[in-house]
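Asks: Taken from TrEMBL, the feature domain 'Cytochrome b561' covers 14-219. Annotation comment: TrEMBL describes 12-31, 51-71, 83-101, 121-142, 154-178, 198-219 as transmembrane segment.
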Amino acid sequence: MAAAPAARFPVFGLVRLLGLAAAAAIVVWAVHFRGGMALSSETDKLLIFNVHPVLMLIGLVVLNGEAILAYKTVPGTKKLKKLVHLALQFLAMLLSLIGLWTVWKFHDERQIDHLYTLHSWLGLACIIFFSLQWATGFYTFWYPGGSRSGRASLLPWHVFFGLFLYVLAIATSVSGLLEKSIFMQSVKMIGRFSTEAMFMNSLGMLLVLLGALVILAAVSPGVGKIDTYRGSSE
């Protein structure tokens, strides 16, 4: 079996740079192109919706990616790496739950049906399984902690599902951008080749590249490999 590819360039730095760029881009889209964000609004309900993509992308893509790579990027003891991983994942989960609440609130106030698109199905599945993944990891690897053999047997599955859920988060985000762009074009809010449409397409491509680099950084042998695949089960 072929070995995992080794990154011969500063992949961790690129991941952080692209993550910051993606977070900044979604905020720019919500504020500059869509007029801002609000948890409650009596005049423009779309401001409530705008909170949704910002929190979901920053939580399940940017922070989640940092959490996945924490064992390779955070200096210090294994316990510290584990704590940073756990804390970032918890923050990502919290932001995603608030993001889910905002889009649910928006649909309720605009009297729009819930969960009728593929994007909504993917997003709900991502949040549910991400929460289960976090809870299982907390119980097994942090408190009260499973047996040594139990942790060792669960760790490969925990790593696999972590990467799978990250890919699912990327797919959900890209499908959400596509869905929103098509909707706005269909009601003549934006043109097909407008600046906003191209901006959203570019953000989608950025997310795909970010996802590829996070996966490469996670599987690439090198600094942090032992901590990631062995140390985290201790």
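Glycine too: its Cβ is placed from the backbone N, Cα and C atoms.
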Asks: As a test of reading the model: what is the averaged pLDDT for the domain 'Cytochrome b561' (14-219)?
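Replies: When the pLDDT values over the domain 'Cytochrome b561' (14-219) are averaged, the result is 97.
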Asks: Give residue numbers and ranges for long-range contacts of the transmembrane segment (83-101): same chain, 6 or more residues beyond its ends, CB-CB under 8 A.
Replies: 51-56, 58-60, 63-64, 66-68, 70-71, 74, 123-124, 126-127, 130-131, 134, 137-138, 142, 232
Asks: Which residues of the same chain, at least 6 past either end of the transmembrane segment (51-71), have a Cβ under 8 Å from a Cβ in it?
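Replies: Sequence-remote neighbours of the transmembrane segment (51-71) are 12, 15-16, 19-20, 22-23, 26-27, 29-30, 37-39, 81-82, 84-85, 88-89, 91-96, 98-100, 102-103, 106, 123, 126-127, 130, 162-163, 165-166, 169-170, 172-173, 176-177, 180, 207, 210-211, 214, 217-218, 224, 227-228, 231-232.
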